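Reviewing the structure listed below.
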Amino acid sequence: VNSPIFGGTHNCDPQSTKCLPIHGFGTRRGGYRCACLPGFVPPPAANTTVHDQYGATFYRCVPSCGEGKQCSAEVDLFLRTFILAAQSFCIVVTVVLAVVVFRKRKCKTIAAGMWTILETILLGILLLYASVIVHSFSPSIERCLFEPWFRELGFIVCYGAIILKLYRILMEFRTRKAHRWVVRDKDLLKYLSGMVLIMLAYLAAWTATNLNFLREGFSLLTIGYTDSGLHFEACKPLWWDYVTETGELLILLFGLHLGLAARNATVQFEERRFLCGTVAVEAVVSCVFYILRALYWESLHPDQAFLAAFARSQLTNTLVLMLIFTPKLWYQHKQVRDSRHHLSHEPSDAYKPQDGILYGDVDVAELNLADMNPEDIRAELKRLYTQLEVLKNKTIRQNNPHISKRRGGRKVAHRRFSLQKRGSREKALQRQQRCSTRP
């Protein structure tokens, strides 16, 4: 019945509406209206059209709630309980990891990765896990306001700390000065505090704008419809959301740039590779998630939307825990195991000087390698390497006052620069000459 009118070119959904001509318009374009079929009612003004698979736009009516039909989308309590239990378990694991990192903060693997920054990353991951729990609540103005706070604060704390670690690796790799350039942990914490303050200011402005809209009569909630015609309440997508998503992706791209710039840097325990992996995974997963949400969020069932948020959390946050902390714990366990194995197989006289070799007064020709066992050879090589390291350090520091004798090559706070006052070296030499010529 609908197709003969206007040659079938009308924009009325044939499954829920019928096309009726408007008297007085004749056969001109747009001279018709879409009326709902029996059992269907007009949708709200914000949901009057739907797109088909070819991109055409149709006016669609929604099923009527009469005759015992289900109109509102109901949530699956079992699915939500399972997701909440999984998120709670991940939060407990994060807290346990924070305790382990604090107790092992003096170990080599944890100390090399800056345990304060590692604790900060865990704090950000905890906030990101909590944002999914907030998403499980029924849609309300409070949920629409608080959920972005947990998400964005957790994002900037977690990935801001990761990007700053990549920045430190790059700065240490690119140094070309005589003294060693060191980015201290407290410097990174200062930079991260500045990033968090900027994010707090942004979220405060976003919240104030939304509260102003609420005062003027606008709503942060909207009614969505699934493909089966069931309606549900959800937070209304705002233009601020697109700005926030773009900012997140730009921050992640900057982190990837730092990681690629430091790709030739030699880092202990392959830390740079794992940090770049976490940033890359977050960038890819978030980009796909934001695109799908922009296209299908208004017609996605609440359970499906909640499941998508949970999957995103597991693919990003849980993967961060695995990529950053699993290698550190494994390396630490490996070092402890190797040290125990070495002590159990090391002879008691391995480090004792033999035949005056420690002082170099034995001719090499007198040594017969065939008469020495592998453990003795290994002990002599260790002793030789130690002597070479001491000799190298003494040779480097000789006539190089800018190199500190302290471990790590760092000057104290008041002697960080190696520049000397002009003429100070000449004055010191003159004083030495006067002292040597005195009777």
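Glycine residues also receive a Cβ, built from the backbone N, Cα and C atoms like all the rest.
For reference, TrEMBL has these:
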type     : residues : note
DOMAIN   : 79-330   : domain 'G-protein coupled receptors family 3 profile'
TRANSMEM : 82-102   : transmembrane segment
TRANSMEM : 114-137  : transmembrane segment
TRANSMEM : 149-167  : transmembrane segment
TRANSMEM : 188-208  : transmembrane segment
TRANSMEM : 246-262  : transmembrane segment
TRANSMEM : 274-292  : transmembrane segment
TRANSMEM : 304-325  : transmembrane segment
REGION   : 396-439  : region 'Disordered'
COMPBIAS : 430-439  : compositional bias 'Polar residues'
Could you check whether the transmembrane segment (304-325) and the transmembrane segment (114-137) come into contact, where contact means at least 3 Cβ pairs under 8 Å with the two residues of each pair 6 or more apart in sequence? yes
Would you mind listing the long-range same-chain contacts of the transmembrane segment (274-292), meaning Cβ under 8 Å and 6+ residues beyond its ends? 159, 162-163, 165-166, 169, 245, 248-249, 252-253, 255-256, 259-260, 308, 312, 315-316, 319-320, 323-324, 327
Sequence gap of 6 or more, Cβ distance under 8 Å, 3 or more pairs: do the transmembrane segment (114-137) and the transmembrane segment (188-208) meet that? yes
Mean per-residue pLDDT in the domain 'G-protein coupled receptors family 3 profile' (79-330) works out to 88
